[in-house]
Structure formats: structure tokens, C-alpha cells
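Written out below as C-alpha cells is the structure these notes cover.
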Amino acid sequence: MEFRPFRVPLSTRFRGVTERSGVLVRGTAPDGSDAWGEYSPFADYTPGRASRWWAAAMEAANGLWPAAVRDSVPVNSIVPELPAGRAAQLAVANGCTTAKVKVAGTVSLKDDVRRVEAVARALGPAGRVRVDANGAWDVDTAVRSLKELDAAARAGGGGGLEYVEQPCRTAAELAEVRRHTHVLVAADESVRIPGDADEVMRLGAADILVLKAAPMGGVRVCLDVVDRYDVPIVVSSAMESSVGLAAGLALALAVDRLPYACGLGTSALLAADTVSEPLVPVDGEMRLRPLEVIV
């Protein structure tokens, strides 16, 4: 195997991160072709958590993808903390009709509401808007904020928020939010190892499970979770380069229950990439294809 370190800047500061770095691993697929994996855990990860990223990188570097059940994957645009006008532009980039708006960050709820309204108007009545709080709210704040954000999401003539992703930090708090809002709740950070999904489902903490291949330990580990629970799945990225995104795409292509757009269109947040032609949405869809690594 061959190992290549990489470092790529972000085009917009995202959750306090300004660049992504890690190691690309080149191996050999069963058909003899090159296969690439990405190891890029965040700096605050413990060795135990980072080891799952390594397992995912090894899986990818051996070309061990499961059979696909579809040709392409619908994806959402991602809207970080930006002025409303810029947020509206980003929401409809690459033909996406679903947008995920980051909320509960460093700005006020009023600013979040303006941004959601702008995104909803840009997408129009056929568009879908979801919000992601990254676990920043307490239960009361979540319930109160969701009322305003849901109303803002109706500004474009649509049906309000599609769902809220990780409104609070713990699974118990997610369950409490579910009991006090009509907005669907998706668990993201609460599902970081396979056993986490068991607790989330036992507590009735989520309507939707968000799975990320690298933090979970690979595509096949995620598929084991998919097989255990009859709930909708959303596959998302962990802000990887296009090499890492390929693993997420392989997972999404293999999941049979995929009623929502996936969060894999994140290469738009990178100012550079590890491949000559980054994996980006075209008409709101993404396809898996061979990549030319340039690092």
C-alpha cells in the first residue's frame, strides 16, 4: 500500500474548521485496479474513535464496495452561517432542490430565521429545507426555535421543515424534543458507533438515522445498522475530500431505504481537493466514478 498525506483548505470556515487534512491510502481492488481510501479524523478524536476512520480507509483501499441498488444519489446543498443573500445562492447550487441550513451557531436565532427564509424562497414550493443544530440546543430552546424556523421554511410556499438534524447533544434529549414538536428528528452525532443506534432507537429518539461511513468504521458496518432498523436513512459526509466522499456514495448507492436527499454534496465547501475532478452534484444528483488522485 501507498500512503499520501494531504491538506486542503475550506472555502468557508465551517464549525470552527478552516482546512481538512489526513492521509490517502492507495491499495488494490479485487479487479486489480487502484483503490483509494481516506483517513482524516478530526483533531479532537480519541485514538479509539480515530481507529474507526482507519478501518473505513482500509475497506476503501481494498475496493470492498457492496453491490449498488441505484445509479445515482440525490443530495442536498449545504448552507453554513452566511448572509441571507449568499445563503440563497448556495442553496440552489448544482441543481439541488433540498438544502440543509446550519443553525444554532455563533449568530442569533433571528439571523438563522432570515437565512432559512431566504433559502426557502430560493428553492420555491417544490424545495425542501432541513436544519442542523449539531447538538447545540437544550430541549426548551430546540422546541422554541423549531417553531420559528418551521414557519420560516414555509416562506417559499412549501410545507415547512423537512426535519431537524441533531437538535440536542444526547439521545435522551432528542427523544424529549420529539415529544414536543411535529418536526421530524434525525440523529447524527448520536450515532457514531454501531451500538449508538441501538440506544437511539430504544429511547425513541429519532425518526431518521444519519450515517457517516468513516466515523462508523466503514460502509459495511453502516449497512449492518441499516439492516437492523426499519427507519429512513440519510447518508452524510464527514467533510472529507472527494476520496472520502466516494465511500459515502458507495454506502448511499447500496442502501435500499433512501427517501431523503443525502448530505454528500460537501465538496463545495472545499477550496481545493485531492482529485483532479471533484465529486460534485449535477442536477442535484451524485454518481460514483473513477477518481484521479493528484496529491
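These residue numbers are counts, starting from 1, taken along the chain as shown.
Every residue gets a Cβ built from N, Cα and C, even glycine.
Bear in mind that TrEMBL entries carry predicted annotations, made automatically and left uncurated.
For reference, TrEMBL has these:
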- 80-184: domain 'Mandelate racemase/muconate lactonizing enzyme C-terminal' (DOMAIN)
- K102: active site, proton donor (ACT_SITE)
- D132, E165, D188: Mg(2+) binding site (BINDING)
- K212: active site, proton acceptor (ACT_SITE)
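Taking the centroid of the Cβ atoms of D132, E165, D188 as the Mg(2+) site, the other same-chain residues with Cβ within 8 Å of it are K100, R130, V131, A133, N134, V164, Q166, A186, E189, V210, S236, G263. Neighbour counts of Cβ atoms within 10 Å were taken for the active-site residues K102, K212; the minimum is at K102.
On a Cα basis, K102 (active site, proton donor) lies 5 Å away from D132 (Mg(2+) binding site).
Using a 10 Å Cα-Cα cut-off around K212 (active site, proton acceptor), the recorded positions K102, E165, D188 reduce to D188. Taking all protein chains in view, 23 other C-beta atoms sit within 10 angstroms of the C-beta of D188 (Mg(2+) binding site). A strand conformation is recorded for K102 (active site, proton donor) in the three-state DSSP classification.
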